[in-house]
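Written below as structure tokens is the structure these notes are about.
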Amino acid sequence: MIFVQQFEEVRSILEKAKKITVLTGAGASTESGIPDFRSANGLYADANVEMYLSRGYYNRSPKEFWKHYKEIFQINTFHQYKPNRGHRFLAELEEQGKDITILTQNIDGLHQLGGSKHVIDLHGTLQTAHCPKCKSGYDLQYMIDHEVPRCEKCNFILNPDVVLYGDTLPQYQNAIKRLYETDVLIVMGTSLKVQPVASFPQIAKREVGATTILVNEELTGQEYNFDFVFQNKIGEFVEGLSSMK
């Protein structure tokens, strides 16, 4: 009964909210079949991964960098992954006229493929790369088709649009600005272990006074920063909300 009441309350809050911000992590994409790279069995378990994905390694050995980059993120099979119910739910809220912005730690681009227009890619995206000289952009298929992708105009080895270790977060200030404008923060599918993103719920709750909602299978240790906690898969949460119609 309490569970049903929580869903009813959250549905009512979302209907009344003027500005909704959603923070998503790996759990938003695992239901599409994408591995959680930071899990115990994920590719981040390799001790060398942080080096391979670092700005310094790209600068020193760009050809070797691209070899490891493609292996780590399984670039050649990435087209098989499709947006799931959670991605579509957020896009549907936007289609209903809601002012909703997604702050995602994911680099898969599935929020955009699912139809969301206002997405801030905190860690960049796998879907594109660019020339470090002329800034021309290239898509995922171009990266797949070329062992070491180079700019067709300049012949420079492309720079991936993923934020590498050693880079700053270029979208951080945009994310913070949005956070301070929001009525509701929904955190979905993230363990909240990586800073500075781990501080977002506290900012929203303590400084902004927003309503905060957590949807995650595992406890995060930050439950005290949330008004509502759903220990569920995102798809289950969406189905629960949908059943309140």
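Any Cβ shown, glycine's included, is placed from N, Cα and C.
Since this is a predicted model, take the numbers as computed values, not measurements.
According to Swiss-Prot:
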type     : residues                                                           : note
DOMAIN   : 1-245                                                              : domain 'Deacetylase sirtuin-type'
BINDING  : A26, T30, F37, R38, Q105, I107, D108, H123, T190, S191, N216, I234 : NAD(+) binding site
BINDING  : F37, I107, D108                                                    : nicotinamide binding site
ACT_SITE : H123                                                               : active site, proton acceptor
BINDING  : C131, C134, C151, C154                                             : Zn(2+) binding site
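Annotated features, which come from Swiss-Prot, shown on the structure.
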| residue | record | Cβ neighbours (10 Å) |
| --- | --- | --- |
| A26 | NAD(+) binding site | 19 |
| Q105 | NAD(+) binding site | 20 |
| I107 | nicotinamide binding site | 21 |
| D108 | NAD(+) binding site | 22 |
| C131 | Zn(2+) binding site | 20 |
| C134 | Zn(2+) binding site | 11 |
| C151 | Zn(2+) binding site | 20 |
| C154 | Zn(2+) binding site | 14 |
| T190 | NAD(+) binding site | 24 |
| N216 | NAD(+) binding site | 24 |
Looking at the binding-site residues I107, C131, C134, C154, which has the shortest Cα distance to A26 (NAD(+) binding site)?
I107
What whole-number Å value do you get for the CA-CA distance of T190 (NAD(+) binding site) and C151 (Zn(2+) binding site)?
35
Whole-number Å value for how far C134 (Zn(2+) binding site) lies from I107 (nicotinamide binding site) (Cα to Cα):
23
Tell me, how many other CB atoms lie within 10 A of the CB of H123 (active site, proton acceptor), whichever protein chain they belong to?
19
Rounded to the nearest Å - Cα separation of Q105 (NAD(+) binding site) and C134 (Zn(2+) binding site):
27
When distances run from the Cα of D108 (NAD(+) binding site) to each of the recorded positions H123, C131, C134, the nearest one:
H123
Give the distance between the Cα atoms of C151 (Zn(2+) binding site) and the residue listed as 'active site, proton acceptor', rounded to the nearest whole Å.
23
According to DSSP, which of helix, strand or coil covers H123 (active site, proton acceptor)?
coil
Any idea what the model's mean pLDDT is for the domain 'Deacetylase sirtuin-type' (1-245)?
92
In Å, rounded, how far does the Cα of C134 (Zn(2+) binding site) sit from the Cα of H123 (active site, proton acceptor)?
22
Beyond C131, C134, C151, C154, what residues of that chain have CB atoms within 8 A of the centre of the Zn(2+) site's CB atoms?
P132, K133, K135, S136, E152, K153, N155, F156, L158
